[in-house]
Amino acid sequence: MSELETGTAAHGTPVENKSVSSSQASTPTNVGSRDDLKVDDDNHSVDAIELPKKPRSAYITVSILCLMVAFGGFVFGWDTGTISGFVNQTDFIRRFGQEKADGSHYLSNVRTGLIVSIFNIGCAIGGIILSKLGDMYGRRIGLMIVVLIYVVGIIIQIASIDKWYQYFIGRIISGLGVGGISVLSPMLISETAPKHIRGTLVSFYQLMITFGIFLGYCTNYGTKTYSNSVQWRVPLGLCFAWAIFMITGMLFVPESPRFLVEKDRIDEAKRSIAKSNKVSYEDPAVQAEVDLICAGVEAERLAGSASIKELFSTKTKVFQRLIMGMLIQSFQQLTGNNYFFYYGTTIFNSVGMDDSFETSIVLGIVNFASTFVAIYVVDKFGRRKCLLWGAAAMTACMVVFASVGVTRLWPDGANHPETASKGAGNCMIVFACFYIFCFATSWAPIAYVVVAESYPLRVKAKCMAIATASNWIWGFLNGFFTPFITSAIHFYYGYVFMGCLVAMFFYVFFFVPETKGLTLEEVQEMWEEGVLPWKSSSWVPSSRRNAGYDVDALQHDEKPWYKAML
């Protein structure tokens, strides 16, 4: 959403409003930056009416509401944190594993990979199919429905006695629900949040993922001493509480004003905007915001209903944005974060930490705590800078981690872990934790932010679903094949992710524009104007430009690519 940062008194209240719609507003002459627009009296310029920017303390209510929506991330994180422990618990292995000749039980790599990773396939399918509920019934009702589907999957898992394929089916169904959540939660937040804290509020989704992972680890640690199905049924049973909390929260969350405008529910859209921005329903800036949304929706209506074919259109640059979203979400998985969580147990064992549950808790704490940093930096420094910094820092960490593992950890080879170097192990632990910090403060939350901000309303649900599905598919491939790969090449696997991280850095620099401080409609305008991504941070929307603004300079660059990077 937009904000009023100009024509205000010292305390952020409007001084004068001279127009009621964005189409009637004149433009400022000072375009020093997107978020610092001033009235220039010498040139008699007046800013467009925008929703006022208030102190962050004024947005406590909307932050809590968005946190309720973001709780969908907790549901996903809880599954990630608990399933990693289930496959190591004795009762789970006895019920769903295979029996050896001596009567003991085990889970093969194939069965483990299927049980853990099939959830991601369910998420990919659910993200594509169930996200349509958001367009049909609204984002809030859509979220309630997919949470109920998730609960059905949990019931099937809890009811499983000793048939692994029953548990397998339950995970597919719960994955369908989580896939729908992963699309609708960031979508609702991005369409409801005030624009100057939108990145922060969308990042709540990742914060809830890490919180769910951490609490899942702690719950596994608490139930590991039991010898019966309490080990895994109690953590699954708690999912009912999470579902009830989220459905109840949706009763208090305002519906997306963009969805409401699309359904011609204008008064409700105005109330939603007023509630999210903590302003009066009668505030002219609310009407101006609705006018801006109406203009965008009307333009999309004139173009006709969106089809799958339109996703591949290059005229509106939807296809370019779809590819960008798919690659951003794929790269998030290819950072290697799951590799660290999988292989972390081996590293920690090398320095005497034999309890894999303790290992998980340590990594979970770093992951969760670091996400608070991301909530601050995403709107402070912008999306591009955070993604570029994250890719560069993770590359450095991965080089050290893999190199020490290959050359120093096991001096007598991987077949003799008993001779592991404690110093090398300590070094790798430090860089593993620093790597997780870098991931949690950059690619973990900001991938969702970029995808949620990049698409026009008419194709948003479809594009977000496809982009998010690419994340789930790579999650499945990573989860299924990592045990086989690490057992074959050990720490050399880190160099594969290092190559992906280098590719990520260059891709972001050349193809991902900055969207910090822009409304979703202004993001659409920037794409249509063909602004070069590395110049996008200097771009100003047409409603805020002066007569001397040169948009052509942002569409071309005479400098070689390596100078542009510098």
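In case you wondered, yes, glycine gets a Cβ from its N, Cα and C as well.
When the topology recorded in Swiss-Prot is consulted, VAL110 and PHE357 turn out to share a side of the membrane.
The stretches the transmembrane segment (234-254) and the transmembrane segment (62-82) meet in space: the count of Cβ pairs below 8 angstroms, excluding pairs fewer than 6 apart in sequence, reaches at least three. Nonlocal intrachain contacts for the topological domain 'Cytoplasmic' (379-385), taken as residues 6+ away from its ends with a CB within less than 8 angstroms of a stretch CB, comprise 196-200, 446, 449-450, 508-509, 512-516, 533, 536-537. Among 113-133, 429-449, 466-486, 493-513, 113-133 has the largest number of CB pairs under 8 A with the transmembrane segment (167-187). Under the criterion of 3 or more C-beta pairs below 8 Å, with sequence separation of 6 or more, the transmembrane segment (199-219) and the transmembrane segment (493-513) do not qualify as touching, having fewer than 3 such pairs.
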